Structure formats: structure tokens, C-alpha cells
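According to TrEMBL, the features are:
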COILED    55-82  coiled coil
DOMAIN    10-91  domain 'Disease resistance N-terminal'
DOMAIN    195-353  domain 'NB-ARC'
DOMAIN    440-508  domain 'Disease resistance protein winged helix'
DOMAIN    691-816  domain 'R13L1/DRL21-like LRR repeat region'
Amino acid sequence: MADGIVSGLVSDVLKTLASTAFQEFKRLRALEGDVSALRDTYTLIQAVLADAEVKQREQKAVEEWLRRLRSASLELENILDDVVTDAMVQRLRNEIERGIKHKVRAFFSSNHNPLLVRVRVANKVKAIRRKLEVIDTEKSRYQLTSNAGVVVDDTTNMEETTSLVPVFEIYGRDEEVNTVVEKICSKDIIRDGVEGVQVYVVWGMGGMGKTTLAQSIYNHERVKAHFELRAWVYVSNDFQVKKLTRGIIKSLDNNTSCEQWELDAMQVELRKKLEGKTFLIVLDDVWIEDKDMKKWEDLSKALTSGAKGSIVMVTTRNETTSGMMATVREFRHPLGCLSEEDSWSLFKKLAFAPGSKSEGENISELESIGKEVVKKCKGLPLAVKSLGGLMRSKRNAMEWRSVKDSNVWQLQEDGILPALKLSYDNLLPHMKRCFVYSCLFPKGYEMSKDSLIELWMANGFIPPREEADLYVIAVETFYYLVSRSFLQDLEERFEGLICKMHDLMHDLGRYLMKRDYFFTEPCKNLITPNDVEILHFSSSCPDVVFSDKDLKRLRSLRSLFIFVDEYKGNMISQLSKLVYLRALHLDEIQVSTLPESICKLKHLRYLSICDSEIKSLPESIIYLQNLQVLLVQGCQNLHKLPEGMRYMKNLRCLNNEGCDELDCMPVGIKELGCLRRLGVFVVGEKKGSQITELGDLYLLGGRLELKGLENVRGLEEAKSANLKNKTNLTYLVLRWSDDRGSEEKIDDEEVVEGLEPNSSLKELRIKDFMGKMICPSWLMKLRNLVEIQFWGCKRCESIPSLVKLPSLKVIVLASMEALRCLDDDEFPSLQVLYIMDCPQLVSLPNNLPTLEGLTLIKVLGLVSLPNNLPKLTRLGIVSCPELQCLPNGLKELTSLSIHGCEKLKRRCEKEKGEDWPKISHVPNISLQDDAYW
């Protein structure tokens, strides 16, 4: 049983026993004494849990004692949760107005006697109290020490963390990176007589840094310049041709919607994208045997349309896979361990980083201990990184020695690195629970920071701390796990911050959770164990269905995660029997409605049905009074949210991005005072759905889109949204209707003036604004703005000067039919300028010293480009017929695309064009007559 699981459960029970929601039941004389006794018993047990969770590793009797404590605690927690939840539902019944449909009330109506219910609860609590007293008495047999155990991190005063966690990507591999880059970019890579795509394999044991090496190669400037196309796909032991083909297409072009395509159609599309172009495709963490070679052959058929010199790079732990896939022997790159010197350099960089707890100690003594620890890591970069992060939290030589001399170094479990287990042992209990829970996601899964935090909070893993907000503690926990290498590969995406978990960390997590968690892989039979009470279930099997025996064994199930593309929803009718579910992940489920019975899951805190075929949600979902997170983004057929959502007082996140059919919001969103994330607010005209509903929702943060702003009546109503005081907002979309007639009254300029955001905003997008000038007085106050986009502002003749925004790096101007000019001052930080469908625009700013990427599509009136582009690396020009020539000084340019520009194409032709001398050094040039890009 994973350390920290039982102690976390005991903390949860104690928290519920002391909660205000449970107070009314304590008033029963029959119950008051039992509750006090339970609290006292649990307090005594809690004091020895840290020692018990350590001793269980070597003493089966202690492990059995913890198992019985866990079982009794789960039973009690379920009872307490029932009590608190039933009280909330009863209050809702009393509050609901007659306007809610009668069938909703009837579905949940009950004629129970409240007093009788309390007596039953009291009897159950008494029975568990007796169990707990026996368990408490038995603890003396095992000589458990109060408050003893491993030394753990004191992170209650963690330093402030951000997403900019120092990540030391590669140590001691520079020579290998350069060797591989030289090979794959060399003309010698083209081998006569070698048929099909060429495969280069990097192989080595887990934790050696294969993926990191491949990433360094993939992002190398020479590689970017040499290959016209690049794609990256994670494989693992799930080598499915259809899934991998889709993954390559999406990596090449994320705008291609191929989720519903058959394999043949996808392979045709892939061949077309690759045709005649040099490409590098990385297949990360491949495991295939002889029987799988047919799958590889089927996949590789679609890759043969590329130009000679194209490469598929494979990383694998399996030497057999390496030998089977490498085109020739020279294309196998065995990755060895780090040298002791490089290992020490990496460790020292992490352990003694600024802010380490050991600052001021005798460094020479710590270094001596640290070098012995590094030797135990045996040159494995992941082990070195993990322990370097751990030592950063240790205060003195005694704590450093406790790590060096730990018995965990003797761990004999196959595939589990002692260094990683030791790092895990030194986490706080709630962090252990958060890490282990994250392993419910499959290997290689791209997890969003927001989803992880929402799941941890929904499961009650985040402990309260003085006056700190639980959300803030959860964010700290996330970044702390990153700093300790339990989570890695942070990447900022449109949808937020994404992370992954190293395969060996994933193996560790699943090893630790084996008595609480259950997993099924594709094509494996579902056989739930008899002797384990499973709390969390994760499946990648498309046909998974529970038998009656399974349902009995899963009676306390808390989490159900299904990871299947286009899941048919085979088990959806069984969900109502899993009455203690708290988290349900059913993304891409192919059903149009959720059954009413799902609303019997009264303990549900987290529901994700993203990218599904759902058209509507049952009105009775409002009885899920514990629900904190509802994710429906990408449900393109969803046209309506439940009318009574204002009664879901615990809702913290409602993500409805990409629900294009949703044309109104439920009345009374303003009553959801806990709401932190709201994907899209559709502004209505009726009272209760107007923009004023947002006024008091001060916690809203992240990304927010305001849609239907034509329904806002003037400046004062716009101000009532109170965006200025929403300090957590980072991305704001202001969107009007795109089909308003010319006879309609347009007051967009007043409305945008009233929608002033907080100065902390980082990205702003304005769409289908119909005023002639976009010049709100607040725009220049956005000192932290990094990106601004204007789309479909058809009447707008000019945009305000943006040069005074010191952080601005990206400008996007699209479908601005009346736009004639841009400010000509110098942009101090601008890196990307994207302009599309601006036919009246005749000139660009002439001084863009930091610009790296410039894209021009259908800028029909543009006759020249700026001359000062010293940092430009990427230039794309499509259908700009009046452009006469390229500017001088494009020394950094590595990629040039000119499509549908006859004059310019002729001037850039190799060897004979007048502009050829300006671009002869550019490695990637595409000149096409057609306007497709």
C-alpha cells in the first residue's frame, strides 16, 4: 500500500468530523459521544501512522493493520459523506422554485423520515467506533512510535514558485547531440539500395535520457533548418497504426480535424502532407516485437512519399526493437550512462540552486555526502535529477546523511529505481497522494495543470493551511512536483500549461498504488481482484463492461477514467451503481445524452465529457451538489446547459469552450460564488443572463471568452462585468456576432471601453468588432500584454499604437477589410506578426528589429516589406500580388515560403532570379504558383 494513502484518508475523516456541515448530526445525544470518541481515537492513531507506513514495507502484520484501518476509514468516510451530501440535497429541495421541471423533483423525491435516517447513521457510526477501538488497541503490538518516521520536506513555507522552474535539460550529452545531428543532416544519410523510410534508433535503459536527447536533436537549429517538416508522437507499448497516423498528422498540422477519419483516409492525407518534402518524425518510447512488425510496415507505407533524406527517429528501451527497426547498423545509437563528473555537475546545479534549504551550511561536508549519493544513482540522469531536487529541500548534513544511508537503496523490485522511491518517501503525505493519483493517466499522456489541480482538489487531497487558499496550495503542489521531477516537460499551449510524467516515475506510481488502483489495457480481459477494495479505476479498453461481481468489488470506487478514442459508452448504464464515485472521466463518449441515472452519483465532484456527442445535460444534474468541476469543452452539439445551474453552489470550474451550438447561459450564473474558471460566457438580453452576471465573480481566472457582446447596452452595462477587478484573468476574448446588419445600432466602441481588464492580462483577442476605431483608453495600461489579436473587425480603418506595450511579442490581424495602415514606430519586443485578409493595407511598420516570424496572406495592396528585419528567421507570403521584391539584410532567415505571388516568385528563382542572392543561404525555400500553404 502506498505510503501516505492511509494517513491522508485519516486526515480526511478527521476534517469531516470537525466540519460545520456535520454539526447538526452531532446534536443527537446518541451520536455526540461517538463522534467525540472517534475523533479522539483517530487522533491517537494518526500520531503513529508515519511510523506504520514505513514499517509496513518489512512487516506484513503492520501492512495488514493498515489495510484494516483503511477499510474502516473508507466505510466511515462514506457514511459521513452521505450525511453531509444528503443535508445539501435537502436544502436544495427546500430552495428550488416551482419553475424547475416537476420530473426533476419526482426523480429525487423520497419519503424518508429524517429522524429515522439519523438513527441509522448513529448505529453505523457506533459499529465503526467499535472497529476503530479494536484497531487502536492493536497498534501497541507493533511498537509504533508517535510522530516517528522518515524526515519529510517542510514545504509549509515553500518559496514562491512559477512555471519557470529551472529545468536542466541535458548534461554530458553535447557531443552525442552533435554526432546525431551531423548524421541525420548529412547528405551521406541517403543510402543507395535502401528501400522505404530510413529509421535512426536511440536506445538505452529507462531513465537514461533518451527522450531528452531526442528533444535536443528535434529542437536543434540545424535540424529545424534542414528538415521541411517535423513531427513528434509518443508511442509506448500501444502501437496502433490508426492512432499513430492521426498523431503524426496532428503534430504536423494541429488544424487538421481527422478524429473521425478511417485509416485509409488518414494515410492518404499523411502521404499528401509529406509528399516531396524532407521530414523528421520522432516516435518516442517504441516497444515492438516480431509480431508487431506488420503494424510498423503498415505505418511506414504512408511515410514513403517524402523526399530522400527524410528520417524517422525512434527511441526505445528494448535492444531487440532497436535491431529490428534501424535501417542499417550505423543508424543505432546506444545511449550510455552519464559520467560521474557530469552526474555530479547536474546534481550540484539542482541541490545547491539559489533558495536551497542548506544555504549557510558547511558546503564541503555536504558535497562529500552528495558525491556518495550521486554514485548510488549509477549515471542515470532521472535519478540524479530527482535526488538533486530532493537534496535542495534538506537543511543540514544530518538530513543529507539520512538520504545517503536509507534502506531504500536496497530495494529489489524490478523496474523501480531506489532513487525515485527515496524521493517519493520524502514527500509530504498530500503530495504523495497527488503524485500517485496522477498515474491514473496513461503513459505519455499530456496532462493539463488545471485538470490535475481540479482532480486533486475534487478528491480532497489538498490540506488546509492557515489562511491560504486551497487552490494556491494546489498550485504550489504542482510546481513542487515539477521541481522534484515527478512531473516534467512543461509546455505552454493555447489550452493552458501541459505536463507529462517520465515512464519510470509512472512505473513507480503504479507500483505504489497497486492495492488501491486498477488498470486495464487495450485487448485485455477485465478481471478485478478479489482481495482488494479498489478506489480508482483506469481503462484504455474500448469494450470494458463490469460484471455483477465487479460492481460488488467496486462498491467504494472513487474514480473512473476511460481513455478510449470515440468511446461507445458501453458501461454508461452501470454508472448509477457506483454510488461513491467522485471523479468521472468519459471524454469522447459517443452518446447524445447522459442518462438521468447519472445524477444518482451524489458524491461526484468531477465530471469530464469533453469532445463528446452530448447534445444536452439532464436537468436533474443540479442535484449533484458536490460537483466542483464540469468539463464539456469541444462538445460541438451541446446546445443547452441545465436551467438550474445557479443552485450548484460548489461549482468551481465550468469549461464550455468549443461548444459552438450553445447560444445562451443559464439564468443566475452570478450565484456561483466559487467559480474560478468559465470558458465562455454567452451574453443574453434577458435578466439573469446579461453581462452583469459576471460582476461579483471575482475569482474568475485563466481564459475567458465573452460571446454575444452585441447584446450589451452601452458603457455602464459593460462596466458592470467588473473585468478590471478580476486579477486572475490571463486571456480574454471579446467577441461580437459576425452577421449583424447595417441597419442595427452599433455601439461597440462604448462597449469595448467598458470592458477594461486588469493590467495583469497577458493575451487579448477582439473578434467581429464593428466600430471604426479600436482605441479603448485602457489598452496602453496592459503592461504585461504578450499577445494581441484582431479578427473580423471589418469597419476598422486603423488600430491604436501598440508600440507602448513593452511586453508585446505577437500581433495577429485577420479579416480587417478596411484597415489601411499600422503605426510606424519601433516595436521594442515584437517577435511575430501575422496578417491575413487585409486588402487595403499598403504598408507595414518599417522598424522591426526583434521580429522573428512574419506571415502575410492575401494582403492585396502591400507593395513592399520593411528593410530592418535583422532577426527574421521565418517568412511566409501567400497571394500578395503587388509585392515587388524582398528586402536586403535577411541574414538570419532559415525558412521562406512564397505561394501565389507571380512577380516575387520569379525574382526568387534559384540562380537566375534578381532576389536570389538575398536568399541563397536559406536552407528551406518553397516557391509555388498556387496559393495553398
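A Cβ is built for glycine as well, from the same backbone N, Cα and C atoms used for every other residue.
Counted with DSSP, the domain 'Disease resistance protein winged helix' (440-508) comes out as 30 helix, 15 strand, 24 coil. When Cβ-Cβ distances under 8 Å to the domain 'Disease resistance N-terminal' (10-91) are tallied for each of 195-353, 440-508, 691-816, the top count falls to 440-508. Taken residue by residue, the domain 'Disease resistance N-terminal' (10-91) breaks down under DSSP into 74 helix, 0 strand, 8 coil.
Summed and averaged per residue, pLDDT over the coiled coil (55-82) gives 88.
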